[in-house]
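Enquirer: Below you will find the structure I want to go over with you.
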Amino acid sequence: MLEIFSTKIILFAIIGAILTGYTCSLMGTFVVRMNLSSLGFAMSHAAFAGAALGIFLRKDPLIFALLFSTFVSLALGPLADKAKLKTDVVIGVIFSLSMALGLLFLNLSPDTAMSSTALRILWGSVLGMTTADIIYLLIITVIAILFVIMFFKEINSILFDRKLARASGINDKPFYYLILFLTSLTVAFSLKLVGGLLVFALMINPTSSVYQFSYDMKKIILFSPIVGVISCLLGMLMSFSLDLPTGSSIAIVCSIIFGISVLISPKRRKG
Amino acid sequence: MDKAVELNSVDTTYEGEKIPCLKGISLQIKKGEFIAVIGPNGAGKTTLLETINGLLESNKGEVKVLGKALRGDGNDIRKYVGYVPQDYSIDELTPFLVSDVVLMGRYGKIGLLKPITKKDREVAKNMMEYMGIDGISKRPIGKLSGGQAQKVMIARALAKEPEIILMDEPFSNLDFEARREVSDKLIHFHKNRGMTFVIVIHDIASIPKACNRVIVMDNGRIVADGNKEDILKPELLEMGYKGIVC
């Protein structure tokens, strides 16, 4: 009985890792190309603030984490456009606000000490994957894939240059906001596996690794998620074999793959 | 008169600024005209082009393109208007191939949820051949020289098969020989397709032969507008627009 239970946990962890690795790295192609690398950081801290509020209110922290990161994603695009600031600057403001709110809520919580629930949001807990988590991850993965397939022309054009995309007759704003929104959903649903602090490593490193081998955006969009899945699976293997935290192991594997990619990149070869 | 563009008392002010960059511009452009817009830096030439294609919203007056008033984001109009931006700088590591960038010119015209067809790819391929860049179609756009990148941007705009084409200093990165070659191609395109051309040019010597009208701008206003021969008379240049054009 115990064996079946643990097999189910491992199976859920593997499925969760595949889905998280795929979606994070797919959205990572947009995040890297649009210079939004701090986006994952801001989203994860918004999720942390939400989780802290959930703990303070004695409600489900994950729901509040989702609500906060979704709110940030919806506010980010219009705020950057209205304030005429670079998105990275607005992300910086949101990041510090989220961190401040998170610590404030935790401080106000009856248990006072940094709750283990809030820490799980930051560091992840892959063995705690539930059927619901897997279903949510599957839904967000399918949505992300459909988004890329259905609007490939528009996305590709915006990734090349937003102004030129607009000049060619593409309504860039809704797509830009959708990219931010889907990225935040991906971050929120990936918290369980890698945690908020490491999720952006999974977004940036696989894409940055594939960047070392190609100048073709189509190939980067195609191969980044595959590298993301491989990173997650190898990271989990490392985590289980050496009894290390899963999120950290995945981030280390991602970084090693990136380091090797930089070293053997044909882009740095002359002649 | 079949009008391609009509501006009535148009002011365009950049957000956050008080002084308009275009001041009371009234202008009519007939379909099939080939117009050169000249003037010094900061005269409002780029602002004029971006007001026509709706990338900049005018805050006074009326802009009509192909008989339709520009309202909202202007995306519908831009499907029929090609645009070559000024001195387009591309990062060396930009992960896009030349063939993809040229094909992208058609994406707005193809429309949402519609697939890229064989015809779209053929048109893009033909434009690359036409501009002499088919040999570099699989090269990364960031690795090209300034002149090659400029030809890619022109091919991208032409690939849309627009009714109006707006070009902002399209020859600035080209050497003398390439200028003449590209200019001849644009003339050929204008002659065969009857497209309306509006080209911002800094150097009078680069004005294509097919150009039948010249607009002189200074300080956000049109200071002269007429036949090329009338506008570019040496004595007028000397007296009327001294220091404005070069």
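Cβ atoms here come from the backbone N, Cα and C positions, even for glycine.
Here's the feature list from TrEMBL:
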TRANSMEM  A:9-32  transmembrane segment
TRANSMEM  A:38-57  transmembrane segment
TRANSMEM  A:62-79  transmembrane segment
TRANSMEM  A:91-109  transmembrane segment
TRANSMEM  A:121-152  transmembrane segment
TRANSMEM  A:175-200  transmembrane segment
TRANSMEM  A:220-240  transmembrane segment
TRANSMEM  A:246-265  transmembrane segment
Enquirer: List, by number or range, the same-chain residues at least 6 past the transmembrane segment (A:62-79) whose CB is under 8 A from its CB atoms?
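Expert: Cβ under 8 Å, 6 or more out: 39, 42-44, 46-51, 53-54, 87, 90-91, 94, 98, 121, 173, 176-177, 180-181, 183-185, 187-189, 191-192.
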Enquirer: For the transmembrane segment (A:38-57), find every same-chain residue at least 6 residues outside the stretch whose CB is under 8 Å from a CB in it, and list them.
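Expert: Sequence-remote neighbours of the transmembrane segment (A:38-57) are 31, 63-69, 71-73, 76, 87-88, 91-92, 94-95, 98-99, 101-106, 108-109, 111, 115, 117-118, 121-122, 180, 183-184, 187-188, 191, 195-197, 199-200, 203-204.
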Enquirer: Out of A:9-32, A:91-109, A:175-200, A:246-265, which stretch touches the transmembrane segment (A:220-240) the most, going by CB pairs under 8 Å?
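Expert: Highest pair count goes to A:9-32.
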Enquirer: Would you kindly check A:91-109, A:175-200, A:246-265 and say which stretch has the most C-beta pairs under 8 angstroms to the transmembrane segment (A:9-32)?
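Expert: The listed stretch sharing the most Cβ pairs with the transmembrane segment (A:9-32) is A:175-200.
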Enquirer: How about long-range neighbours of the transmembrane segment (A:91-109): same chain, 6 or more residues beyond its ends, C-beta under 8 Å?
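Expert: 36, 38-39, 41-42, 45-46, 48-49, 51-53, 55-56, 68, 72, 75-76, 115, 118.
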